[in-house]
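*Asks:* Here it is: the structure, laid out below.
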Amino acid sequence: MPHQQILMLFGLLPVATNISTWWNFGSMLLACLTLQLLTGFFLAVHYTANINLAFSSIIHITRDVPYGWMMQNLHAIGASMFFICIYIHIARGLYYGSYLNKETWLSGTTLLIMLMATAFFGYVLPWGQMSFWAATVITNLLTAIPYLGSTMTTWLWGGFAINDPTLTRFFALHFILPFGIISLSSLHILLLHEEGSSNPLGTNSDIDKIPFHPYQTYKDMLMLTIMTIMLLTIVSFFPDIFNDPDNFSKANPLVTPQHIKPEWYFLFAYGILRSIPNKLGGALALTMSIMMLLTLPFTHTSKLRSMMFRPFMQLTFWTFTATFLVISWTATKPVEPPFTTISQVAALMYFLFFISNPIMGWLENKIMKL
């Protein structure tokens, strides 16, 4: 029977005995992706990619389409769940040295970039006030590119300002990118199982492994159940918790919101962008805030893989986590003292983590030799 063969495949998949709950977020991300694809399809059926009708079509979905409110809220809050899971997934990779599995890490970072692009395009689609102005601010960064900037911006906008062609192509990109994410996710999983998962100790797991089914399948199901309960609780009782009040008004190019800010999951990158008082410098810092993840497999100098036995690196990691939260917080505040100073210091500390990583490894190796 085909389903028995699938179970056999999972049953024969060897997994380290000591992997913790932090290793469950990969399967949760797969569940989030499936949810986003299904709800996204049903929303696309009723959505109209036109600047005069987009906002009204969202209202139509939530009011008139049977269970449209649920689809819309599941899709919007599901995106937040997706990013919560992916940030925990990346933090796990950083802490336990999973980035030393180079191919898996590099494909995962590419997935993150694609996911962020997809989420950005999706945020523009309701054509609310904050959607419009966030799109204006972020796409305007392309003009900072020397020589090509203005041409690229005009090409992306489909004119000399954000208008109907921009919304149409953003909808097309938001629809097509998830298929790229599916393909790359498959590659990511394939590359992971070439070498196998790491473990909290950062040691070779070959000497002590158990079958994936039933042990890990039940563990995955528990975490998926918890995530589903959380998601449905927010959808049912606090559906607007992540929404911006400005986005309940239709886009008006003549009125600028008092404070333009993206969704919460982009705040760290937006905070880094704002901390540099130069357009090109800010755009480069924004790009580097993600691209720095690509350097980790090549700058690891410690003899130990995991941070479990590296107290100095643990301190650095938790400082980095706090920095991430501080940048996100300052990005929600207006551009005035003391927030500008705090965000500049936090942005500097954010990048210092990637610089201190090889130095800490070298220092620990020296201490171990004493």
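Note that Cβ sites are derived from N, Cα and C of the backbone, with glycine treated the same way.
Heads up, here are the entries from Swiss-Prot:
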- His75, His174: heme b b562 binding site (BINDING)
- His89, His188: heme b b566 binding site (BINDING)
- His193: ubiquinone binding site (BINDING)
- 25-45: transmembrane segment (TRANSMEM)
- 69-90: transmembrane segment (TRANSMEM)
- 105-125: transmembrane segment (TRANSMEM)
- 170-190: transmembrane segment (TRANSMEM)
- 218-238: transmembrane segment (TRANSMEM)
- 280-300: transmembrane segment (TRANSMEM)
- 312-332: transmembrane segment (TRANSMEM)
- 339-358: transmembrane segment (TRANSMEM)
*Asks:* What parts of the chain pack near the transmembrane segment (339-358), using Cβ distances under 8 Å and only residues at least 6 beyond its ends?
*Replies:* 268, 271-272, 274-276, 285, 288-289, 292, 295-296, 299-301, 313, 316-317, 319-320, 323-324, 326-327, 330-331, 333
*Asks:* Within a 10 Å radius of its Cβ, which of these binding-site residues (His75, His174, His188, His193) has the fewest neighbouring Cβ atoms?
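*Replies:* Least crowded of the binding-site residues His75, His174, His188, His193, by Cβ count within 10 Å, is His193.
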*Asks:* Sort the binding-site residues His75, His89, His174 by C-alpha distance from His193 (ubiquinone binding site) and give me just the closest.
*Replies:* His89
*Asks:* Might you confirm whether the transmembrane segment (312-332) is in contact with the transmembrane segment (25-45), defined here as three or more C-beta pairs under 8 A between residues 6 or more apart in sequence?
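*Replies:* Contact absent: fewer than 3 Cβ pairs fall under 8 Å.
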*Asks:* Between the transmembrane segment (170-190) and the transmembrane segment (105-125), are there at least three Cβ pairs closer than 8 Å, leaving out pairs fewer than 6 positions apart?
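*Replies:* Touching, yes - the transmembrane segment (170-190) and the transmembrane segment (105-125) meet the threshold of 3 or more Cβ pairs under 8 Å.
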*Asks:* Under 8 angstroms, Cβ to Cβ: which one of 69-90, 105-125, 280-300, 312-332 has the largest number of such pairs with the transmembrane segment (218-238)?
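*Replies:* The listed stretch sharing the most Cβ pairs with the transmembrane segment (218-238) is 69-90.
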*Asks:* Hey, what's the Cβ neighbour count for His89 (heme b b566 binding site) at 10 Å?
*Replies:* 19
